[in-house]
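Notes follow the structure.
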Amino acid sequence: MRRVWGPRTHLQRAQQLQEGDSTAFSRCLDRAMALPCLLWVWLLVPGIQGVKDGDMRLANGAAANEGRVEIFYGGQWGTVCDNLWDLTDASVVCRALGFENATEALGGAAFGPGTGPVMLDEVECTGSEPSLADCKSLGWLKSNCRHKQDASVVCSNETRSAHTLDLSEELSFALGQVFDNQRDCDLFIHVVGQGPEELDLCAHTLILTANPEAQALSGAPGSNITMSVDSECMPVVRDFIRYLYSRRIEVSLSSVKCFHKLASAYGAQQLQAYCGRLFSTLLPQDPSFRAPLDLYAYALATGDALLEELCVQFLAWNFEALTQVEDWLSVPTTLLQVLLPRTELTVSSELALLQALDIWSRGTGASHGEVEDLVQHVRFPMMLPEDLFELQFNLSLYRAHEALFQKKIIQALEFHTVPFRLLAQYRGLNLTEDTYMPRMYTSATWSAMVTRDSRNRQNQGLWYGSRSRFAFPYTPEPYGGRYGPYRSFQTPQHPSFLFRAKLTSWTLLYLPTMQSCWNYGLSCSSGELPVLGLTMSGYRDPTIGYENKALILCEGRFVADVTDFEGLKAMIPSAVATNSSRRASAFPCTSGAFSGFRVTIRPFYLTNTTSLD
């Protein structure tokens, strides 16, 4: 890290130029000396020439080894807040500026308050980072500190006696070139596919031996090796072996599965883990859902439980979108058996789910027993009585499984017409079973949407085309106020038809600042912002509880994450992984910002309520 001096020395030298050395300054007025003088002044006056993001300097200290910490980002210098500031953080600054270590980590603007933005807050370094920019923090420009909290350091007077010239980045390129040349080899690799495809490559045992990920190749007996790979992976074998040389590789949506296969087969554990993490980035990039379905099949075939769960989670959160693509009919029965029992399944309504299952059963030719097993997971009590009545007329599944449907419909009608107390007393129903729990329904009956832009008055977001027929009004109030974006709406108190005339009023809030939290009576910390708020008004039935969810939407196209409302707030994850302490979304939003936030209201009966007595 290049050492950048504070402004005091520069200002003194500029002042000497203008006041103390009038002769030299007068020479600058000479036309012949104009160009050299301008260059001289340019060098003396502090600026940002050659400074890059993450560079640091000390300001306002009496000596070069002390001062207020300032860091460069986005074309300007700023300060660091003293929240969590300690000697480990200070040592990162001192070592970056050429000193051995830090002797003091000071807060409270010990060397005077700075100017400009507060760049970093809640910095937590391990001590090995080259800059504060590489340490864990809230992220760039995400602080509510004022300059009275500027952090400062005092570094040891001793400077480092050794300096390092690091050209290691060139080594990766050079080793890649050695492989590309395919000369002077002592290891010969014959690659065969499942068909007639063949490929011959050569390698260097000495180079491969130095890489722990290449032991499967370098440790093989003899000088001839045969690699058997799937035909679809033949085009990337050369890149895989080149990675074992250069330890650098580019992975795309089309190649990630093959690289994962090769890494798994030949013990390249770091590449295998990298591809595993990359799946979460690549899954949302295929709107046809072909990639997630293929990766799910691959995970089952290889026994990769982590990848299997990743695929299932993405498909569950984006289930209704899955039901509307051409490949819906190619979804295997085994996958539906995993998806349909899930409560965290995003769908406009339970009726929409059943209709999609009807289309799937007619298009796939699934057996009678397989379809009946899937119908068992449909939550009939979550459908309205009139929808239940119409199933016999407009659903082919009803005619094929009439006895099962009649049993499920009677169960649902009891739920809709018999009070909770009587159901528990006489039927002994376990109302905590999944059958009686709502999923994440996105219809207007149970859901509302807010975005960061208060000027946007439309209920944007994921729209699946299914229209709710619940006979309850949905009356959103104007979207966006002086305290931040919000949406007011109403839902039934409970899915049971007994509550058809009992409404609960809600307000969904996007809270970007501490002030916006205070305005709505919420307590927020700076590390939580921005955050979602959800307030409820009206009578609250003591027999009903809520497990409300926030769907985090990316590009209006897919659900990137799902968070719980704990009390009145739901945390918003980072759109992409950063050095922030905020959790990254399960599926990164590569646009860098979420397109919206949808709440799904999920009421259920409280079985331990005293109102049953």
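Glycine is treated like the rest: Cβ placed from N, Cα and C.
TrEMBL annotations: computationally assigned, not manually curated.
The annotation disulfide bond is assigned in TrEMBL to Cys81-Cys145, Cys94-Cys155, Cys125-Cys135. TrEMBL lists 56-156 with the feature domain 'SRCR'.
If you draw a 10 Å sphere around the CB of Cys81 (disulfide bond), it holds 24 other CB atoms from the protein chains shown. Considering only the disulfide-bonded residues Cys94, Cys135, the Cβ with the fewest other Cβ atoms within 10 Å is that of Cys135.
Taking H, G and I as helix, E and B as strand and the rest as coil, DSSP gives the domain 'SRCR' (56-156) the counts 16 helix, 35 strand, 50 coil.
Fewest other C-beta atoms within 10 Å: among the disulfide-bonded residues Cys125, Cys145, Cys155, that description fits Cys145. Calculated from their C-alpha atoms, the gap between Cys145 (disulfide bond) and Cys155 (disulfide bond) amounts to 24 Å. The two recorded residues, Cys155 (disulfide bond) and Cys125 (disulfide bond), show a Cα separation of 17 Å. Rounded to the nearest whole angstrom, the C-alpha distance between Cys125 (disulfide bond) and Cys94 (disulfide bond) is 13. When the Cα atoms are compared, Cys135 (disulfide bond) and Cys94 (disulfide bond) turn out to be 14 Å apart. Mean pLDDT for the domain 'SRCR' (56-156) in the predicted structure: 92.
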